[in-house]
Amino acid sequence: RSGCLSCKMGADKPAVWKLTFDVQGYKWVRWRLWLCRLAAVLSLGVLLIVFHWRPRLAVLARCCSCPLALADILLIRPLPTCFVPFSLEMVVELEENEWRDTIQLHKEEKTLLRYYLFKGLRYIWLGRKGAFCLIHDVNSFRRCMYGPNLIDVQVKSYVKLLFEEVLNPFYVFQVFSITLWIVDNYYYYAICIFIISILSIGISLYEIRKQSVTLRNMARLVTNVTIRRNSGVEELVSSEELAPGDCLIIPQEGLLLPCDAALLAGECLVNESMLTGESVPVLKTPLLAGEGRYSSETEHRHTLFCGTQLIQAKGGGPGGSGAVAVVTSTGFFTAKGNLVSSILYPHPTDFRFYQDSAKFLLILAFVGTIYKSDITDLFWVCVQVTWLELVVMSLDVVTIAVPPALSAAITTGTIYAQHRLKSQGVFCISPPRINICGKVSLFCFDKTGTLTEDGMDVWGVMEGGPAGFSELVPDPRLLSPGPMLSGLACCHTVTLLQGEPLGDPLELKMVESTGWTLHEPEGDGNVLDAEFGGHRVLAVLRPPKQQPQAQEAVSVPTITLILRFPFSSALQRMSVVTVARGGCSALAFMKGSPEMVASLCRAETVPGQFSSKLHSFSSEGLRVLALAYKPVDGNADLRTIERGEVEKDMQFLGLMIMKNLVKPESAQVINMLRLAHLRTVMVTGDNILTAVNVAKSCGMVGFDDKVIFVNATPHTAQSIPTLRFSLEDRGEVITQGLYQSGFDYHLAINGKSFAALCDHFPEYLPKVLLRATVFARMAPDQKTQLVKELQKLNYKVGMCGDGANDCGALRAADVGVSLSEAEASVASPFTSKTENISCVPLLIREGRCSLVTSFSLFRYMASYSLIQLCAVLTLYSVRTRLSDKQFLLCDFFLVTTLAIVMGRGGPSDKLDPSRPSASLMSLPVLGSLFIHTSVIVLGQLAALFITTSQDWYVPINSTRIGADNLPNMEDTSVFALSGFQYIIMAVVVTKGYPHKKPLYYNSLLFLPRRLYFRVFLSAGLWKNLVEEPIAFWCRHCKIEHSLGRGPSS
């Protein structure tokens, strides 16, 4: 057994989630193979169908277990997702002889590569390790090991799709039923079912193939790229030939990237909206020199991902154009390949409604089987029938008990809901998730861009030093020339695209507030580089021509940017290096979270009031950033200097305060969710005090509610792990009554404490999660971990974010909603074009409506099946049955029409505190179905007994059975009443309040109901007022008549 997925992570990196597999080896057994072939022939192929449905049984029947090294067949079973840290030792590094199997055939040595493909990934056999493993090394055989650089989505032929579709259990049952109906002389009904099945299969095949072609066109990317060989020669090759380790040359105009690559030289402006849903292009910078192992998870700001559009590349090639990157992943190993794999092989939806549906069908089949045995006994004892007639009648009961259109009917509500969501700007790529929306009990929200506005306004700047903070300067233009003003102007990743600044909205506002202008080198750039000591110039920042200072004008030098360390969510900071003309006077500037920046500054430069000022601003809901700088050692080589060397022993400069307003819709939506008893949680990367303030502003936390901060510290060489709970205002430590129900409060925790809590205090984690409302300074992988931990507590978790740093959490949540301009994003099941969270209650209301509708349709289809079963059994007991045309009228024109229009009802206008049930196997559902069935049976028996007690009743011919007795009075009375029962049950099981609009809003439901009421009423009146009195008069006068009786004739 082996399950091997490998990557790297340093000791200080956060853990990540991974999926492990149980792999078992089997080898063919010859006598078992021949025995299975014989059994398949004797069973007329039934055994092969069973093996198609249950491949595991096929392997166990034909093979025997063996070690993996001798296996012909591998049985792979995904194990439950577990949370484990990646370690350096798990990365597979091999010598060539570890994966080569050398064998001798006719005195000729052959080198074999043993591997298997699973979800597009290639697992290679390693003899020394005794396992199949993912390989992450680079050697001369890498193309052979990794295969072609293709995300190849198989598009099956129509013949193969038809074969697989026909072998679906539903269609196998349909073929069995059609054959049975033809034998039982139900020709019209069988032909109609056959035609509809053919149409259904045709539409299904067309849709499946269309989706496969669409996915293949989206996934498949073949283009010509330029790579640089070890000899230095550049060669134009097909992207299919790329393998990890190839040196990729990126042209200045960019390209659609066919692989994952680490950027080595130059900068690239990348549009990653296909992967993240984030429409703002991202600036990628070169990978820094270091001894640690590369990981795309931690180095995503230096990684170019497959499928993303490189808008422009600069600074890496000759003449300052283009960029250079090294291929790190190809095919399904890429980020795009991982997303395509998740679409091709989605995780099974663990939703009780879908699980109970299958169980309920088995119950109906079991009921039909029981009644089949009763019918067999009845006709065998009372009526002389042939064995064939007896078997056909018995099996016919089973086909009636299991409604063939049930699976299609319960999706009607989902289809209507999806259409309504699309009309309101919410797009769904996973329709089954709509029903899950109805059971959401907790919703997580990102802060910036989700609860608050995307853009920020600079509220003021406050310089700081050993003597303390200066007065707040509302406009950065009023700052005196110096390091603070220079840091605001240059410490960012804003770039130019066709002369227009492009970048993070916060940084755009910061640069705009200084009045400085950004210029980037054009053309060769060597002249400009030479002017600044030969350093490669990334950008030049020039001050405004006129300074607004009141004092005498001071000459402000331009700032030349030569090195950039981009912002990292994990590091919570970014930094740049600038030089003056001639390459001298190098300065390093840093910007980031105040706590992180202060920790990297010399203690004597940080003002004593730092904590109080930060607390004051953050408590008011202001976004606070800190800046620092230092002169760089003149002896340092700026081309190879490491980030850690730049970002240490800094000198604190001050704070920049920005105002981030809460969106007006946020408070309304949060209040709506609160009234509906839906728990709301904020998950953000911002400061914890700012997050608490925003939580109060939008109503997640009441202004009078107590907020308790959870502070957990990890184990260090000097201290043991600690866990403390302190009040927001007084800092008082809470030790008692924390978990008592009468103690009303909200918990708030930051990312560091959350990590320490998971590692050192796992027993307290569930208790904290049950009461925590604010999660601050959370890294992207921590957001994903939080969602999974909440799901372990039996929450149905929703997540709403802007798609940038929330992709993992959006995909992990039961319901992920991305606020994006794109119509659909693979980042989450739902994408909303609305730029606020008003889509969340809409989604929940539609989910509840769809779930209630699915419930109603399931109960109706089950009731319809039971009504028809009772009618057939009742008529079988008097030696007759329903006619072919009667089945046709009920199944196609009555039940199908009612089922379609029943799903049209829209959602209620407001959220109710109660959530709809998702269990079909509950006592209320089964109890109501039992009561309805009892009433149905009593009603049909009453109709039969009343008919037989009339003076004009003509007894049935006791020497005949089944269709030979049609038409007759028993059939007409039971059929007419069952028609009314179909119509009445459609109204009885259709639920409205509180999750759907009242029944009278669904006007289309009343049209077929009135029509069929008149049809069955007319049939009954004709029988009672015309045919039966005539029959009575004729019989009384002893005149034999042959008038056809009832609508069944």
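Glycine is treated like the rest: Cβ placed from N, Cα and C.
Pulled from TrEMBL:
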DOMAIN    19-125  domain 'P5B-type ATPase N-terminal'
TRANSMEM  31-53  transmembrane segment
TRANSMEM  188-208  transmembrane segment
DOMAIN    224-342  domain 'P-type ATPase A'
TRANSMEM  857-876  transmembrane segment
TRANSMEM  888-905  transmembrane segment
TRANSMEM  925-946  transmembrane segment
Winner by Cβ pairs under 8 Å against the transmembrane segment (857-876), considering only 31-53, 188-208, 888-905, 925-946: 925-946
Close approaches to the transmembrane segment (925-946) from elsewhere in its chain (Cβ under 8 angstroms; 6 or more beyond its ends): 855, 859, 862-863, 866-867, 870-871, 874, 878, 917, 919, 970, 973-974, 976-978, 981, 985, 988
Within the domain 'P-type ATPase A' (224-342), residues counted as helix, strand or coil by DSSP: 24 helix, 45 strand, 50 coil
Local confidence of the prediction over the domain 'P-type ATPase A' (224-342), expressed as mean pLDDT: 82
